[in-house]
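Below is one structure; the comments refer to it alone.
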Amino acid sequence: MTQKGYVGVPEEPYRSKFTPEVGPYYGFEGEGAHAVPLQGIPLYQGEGNNQEGLKRFVVQGYKDVWAAILYILCILATIGLGIYNICQQGLRSLISADVVNIFWACNDDSCIDSVCLFFLLAFAFSVIVCLSSLSLMKRFASGIIKGCNVILLIFYVVAFLFSVWAVNNAFAIPWFCMLVVHLLWFFFAGRRIPLAAELLKSSSTVVCNYKALCAVNAVLFGAHVFFSVMWASVMKPLYAQLAKMELNPSAGGARNEEDLTLNILFLSLLALLFVMFWATQVTTNLMHVTTAGLTATWYFAGKENMPKNPTLASFKRGTTTSFGSICFGSLLVAIIRLIRWLVSTAEDSEHEMLRCIFLCIIGCLERLMEYFNTYAFVHVAIYGCGYIEAAKMTWELCKRCSCAALFNDRLIDVTLFVASFIGSLLVGGVFGLLFRSWDVFLIGFVVCMLVHLFVFSSVTSAVTTLFVCYAEVPEGLEHSSPDLYAALQRTDQNGTSNGAAPPRV
């Protein structure tokens, strides 16, 4: 039995015993050579897009619509109020005096030109350094992972010795604990380095080969910056009014009315803060889903059989049918983050110990939820399912190979952070020496760090996606890229418990 929209039947279905079976979004009808997807319109259509590996990418219709509608209403309301305030007060009123002094307090236009030229040069040099880092990772991934972890160990040793010598022993204890923990972790994670190196190498290749990914992320980042300006134009006058009323409270009968106004202002600020938390999560997760969709397409189709515009197709599904799922998962993290902010700003000296304990718990819960969403959104990107279905699949994956995922992610995170830090030190140091200024060094460092974080976030998403795909459907890679499959199967040593068969000879 075949489904409308598909041509022929697959020769060998890419399905293992670990492929999720909890819904029609990723299920199959029939057995053996006649297994075909149950529902959905193919995401990739047209000539040359009928490869078996691409048939799992289907459009299922809009998921979690309520979350998408609620998010869009919040964003539109914030932008509308922001535009109104800017029209009333002007854009310059939002900018701090320090920023104004940099760009508007110059004696002539040449000052502004010099500042803009400096930022442009710092950005261009940062891009070159970042791309060079990616190129090195494609060739020497294993050595870079080991080297970055050794550098971090050396940093812990230096920080510990400096604390003992220049500060006090109490300050040295945390550094010593971090040194011991990282040393033990690196010792036990050593056998997972070969797999992490293969994943990092492949992910760097994907990010380098598909420049449209950076363009899409740049558009999303620009949209978030625009929203942040609108949000600030709403937040600033409300915060100023709240601070003014708290400093100059009324007396007598006007006190009750002022308390009501203060409560309304506080709730408004709380709502704005929540919207910003939510918007930040949605933006970063949309970048993640776009990268995950592209990487999964590369995994199942193979680099020689990629369809046209895979990045755009992934981005389109992320902003349409899967947008509600992204909003839903992001909403959960935004709520937890808002609770943590409320607790952290609460003033209660009588229960400081309880507040610290609760802050620790809620902080851990927030990190766990963000980490869980990282894997859940990979399933959203691959199968186009709703957030609940993706969460079920992620939970099943966690029960099977959570330790392997943690080792892999930690190795990659440390590597990318150290590489970003070293590259930023290089850029900041060059400009600092040229201009003989610590301020210039700091600006160059920050610009380069932002560029690295922007690009390396895509690498992290690609690594996570490749891990999920290999852990759940290793057969897909065996068909699309036998060499990479052989490398992953050899280095994984069934650490993901996916039962991957030895490569065919």
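The backbone N, Cα and C atoms fix where each Cβ goes, glycine too.
No curator has checked TrEMBL annotations; they are predicted automatically.
Lifted from TrEMBL, the feature list:
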type	residues	note
TRANSMEM	65-86	transmembrane segment
TRANSMEM	117-136	transmembrane segment
TRANSMEM	148-166	transmembrane segment
TRANSMEM	172-189	transmembrane segment
TRANSMEM	210-232	transmembrane segment
TRANSMEM	260-279	transmembrane segment
TRANSMEM	286-302	transmembrane segment
TRANSMEM	322-343	transmembrane segment
TRANSMEM	414-435	transmembrane segment
TRANSMEM	441-471	transmembrane segment
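When Cβ-Cβ distances below 8 Å are used as the criterion, the transmembrane segment (65-86) is approached by residues 94, 227, 229-234, 237, 272, 275, 278-279, 282, 323-325, 327-328, 330-331, 387 of the same chain, each at least six residues removed from its ends.
Only sequence-distant pairs (6 or more apart) were considered; of these, at least three Cβ pairs between the transmembrane segment (148-166) and the transmembrane segment (414-435) are under 8 A, so the stretches are in contact. Counting Cβ pairs closer than 8 Å and at least 6 residues apart in sequence, the transmembrane segment (414-435) and the transmembrane segment (322-343) reach fewer than three and form no contact. The stretches the transmembrane segment (441-471) and the transmembrane segment (172-189) are not in mutual contact, being linked by fewer than three Cβ pairs under 8 Å (pairs 6 or more apart in sequence). Between the transmembrane segment (286-302) and the transmembrane segment (210-232) there are 3 or more Cβ pairs closer than 8 Å, counting only residues 6 or more apart in sequence, so the two stretches are in contact.
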